[in-house]
Amino acid sequence: MGASSSSALARLGLPAQARPRWLGVAVLGLAAVALGAVAWRRAWPRRRRRLQQVGTVAKLWIYPVKSCKGVPVSEAECTAMGLRSGNLRDRFLLVIKEDGHIVTARQEPRLVLVSITYENNCLIFKAPDMDQLVLPSKQPSSNKLHNCRIFGLDIKGRDCGNEAAQWFTNFLKTEVYRLVQFETNMKGRTSRKLLPTLDQNYQVAYPDCSPLLIMTDASLVDLNTRIEKKMKMENFRPNIVVTGCDAFEEDTWDELLIGSVEVKKIMACPRCILTTVDPDTGVIDRKEPLDTLKSYRLCDPSERELYKLSPLFGIYYSVEKIGSLRVGDPVYRMV
């Protein structure tokens with residue numbers, strides 16, 4: 001040990017031979033302090049965020065088949081790809097043409113009359129004037145894998161068999177259709193391809209563009225004060241309905257905490273002709289509620305490139321933290 005080092009240790013009251021052990025303890029202590037400081041700084045922004053209650057969960061809906069009836073649930077798991085209750089997953093089933101192109105209530109309005117329930121590990125489909133269709137909740141891996149086309153993007157789907165195909169073909173009575181199922185090992189449609197100008201990074205199966213759609217009952221009440229034929233929430237097909245807030249207050253919500261789930265706003269929901277399909281009759285109107293919504297719910301001119309001339313009603317969200325939620329949960333805005 002050099003003279004300068006020995007004198008420094010002596011000033012601390014330590015013998016020269018204690019240096020290796022003392023320095024090891026000191027280094028470990030400093031490392032622990034540094035790691036603790038980094039962890040604290042990373043956690044600090046989250047701890048600092050204020051929670052402002054903006055409403056309460058009034059309803060939760062899962063739509064097992066795209067464009068078919070929703071299933072109301074009292075609680076649900078919120079996965080990165082949307083709501084789940086047991087083996088019911090949101091929009092993990094899809095009706096397609098023989099060439100793989102998507103079929104929705106925009107083309108076949110009577111799809112909204114098809115209901116789905118889950119019993120004994122089976123999906124049960126019902127529709128007017130049809131015998132019920134019973135399918136296993138998971139399709140055999142030996143079934144054909146289809147290349148499906150949804151709004152210009154490709155995605156896989158496992159065929160649900162000839163019985164399901166015949167059932168939907170007989171019910172819709174226009175052309176041959178097939179039913180396919182998304183599997184969790186398949187690659188979803190990515191946000192980078194769906195909405196390349198936006199920040200979030202997520203995947204969806206067969207929804208239009210997001211894992212979640214949130215609406216408020218106050219906004220529907222407001223619409224119904226302006227329109228002759230009253231609309232139902234089923235016209236708009238949200239996953240989460242919030243009560244206890246003002247009409248269109250949801251326009252101002254960015255990040256929300258619901259139950260143990262954190263979600264982040266993607267964009268407002270631009271509405272299309274599907275909202276004009278009567279959920280009770282399967283008859284398409286093609287005018288309302290779109291005409292009324294266009295009179296007061298168009299986007300700001302600065303956002304015209306994104307939304308075009310579609311009226312905005314409801315908000316699309318991505319799932320930032322998975323968890324569970326239930327009817328009655330408070331909805332907090334994270335500010």
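Note that Cβ sites are derived from N, Cα and C of the backbone, with glycine treated the same way.
Pulled from Swiss-Prot:
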type     : residues : note
CROSSLNK : Lys59    : ubiquitin cross-link
CROSSLNK : Lys138   : ubiquitin cross-link
CROSSLNK : Lys144   : ubiquitin cross-link
CROSSLNK : Lys156   : ubiquitin cross-link
CROSSLNK : Lys173   : ubiquitin cross-link
CROSSLNK : Lys187   : ubiquitin cross-link
CROSSLNK : Lys287   : ubiquitin cross-link
CROSSLNK : Lys294   : ubiquitin cross-link
DOMAIN   : 188-334  : domain 'MOSC'
MOD_RES  : Lys156   : N6-acetyllysine
TRANSIT  : 1-35     : transit peptide
Of the recorded sites listed as Lys138, Lys144, Lys187, the one whose CA lies nearest the CA of Lys294 (ubiquitin cross-link): Lys187
In three-state terms from DSSP, label Lys59 (ubiquitin cross-link) for me. strand
Going by C-alpha positions, which of the recorded sites (Lys59, Lys138, Lys173, Lys187) is nearest Lys287 (ubiquitin cross-link)? Lys173
When pLDDT is averaged across the domain 'MOSC' (188-334), the result is 98
Recorded sites (Lys144, Lys156, Lys287, Lys294), the one with most neighbouring Cβ atoms at 10 Å: Lys156
Using C-alpha atoms only, work out the spacing between Lys59 (ubiquitin cross-link) and Lys138 (ubiquitin cross-link) and round it to an integer in Å. 27
Which of Lys59, Lys138, Lys173 (the recorded sites) has the most other Cβ atoms within 10 Å? Lys59
Could you list the residues of the same chain, at least six apart in sequence, whose Cβ is under 8 A from the Cβ of Lys187 (ubiquitin cross-link)? Ile155, Lys156, Gln203
Could you give me three numbers for the domain 'MOSC' (188-334), the DSSP helix, strand and coil residue counts? 35 helix, 48 strand, 64 coil
Should Lys156 (ubiquitin cross-link) be counted as helix, strand, or coil on the basis of DSSP? strand
In whole Å, how far is Lys138 (ubiquitin cross-link) from Lys144 (ubiquitin cross-link) when you measure between their Cα atoms? 13
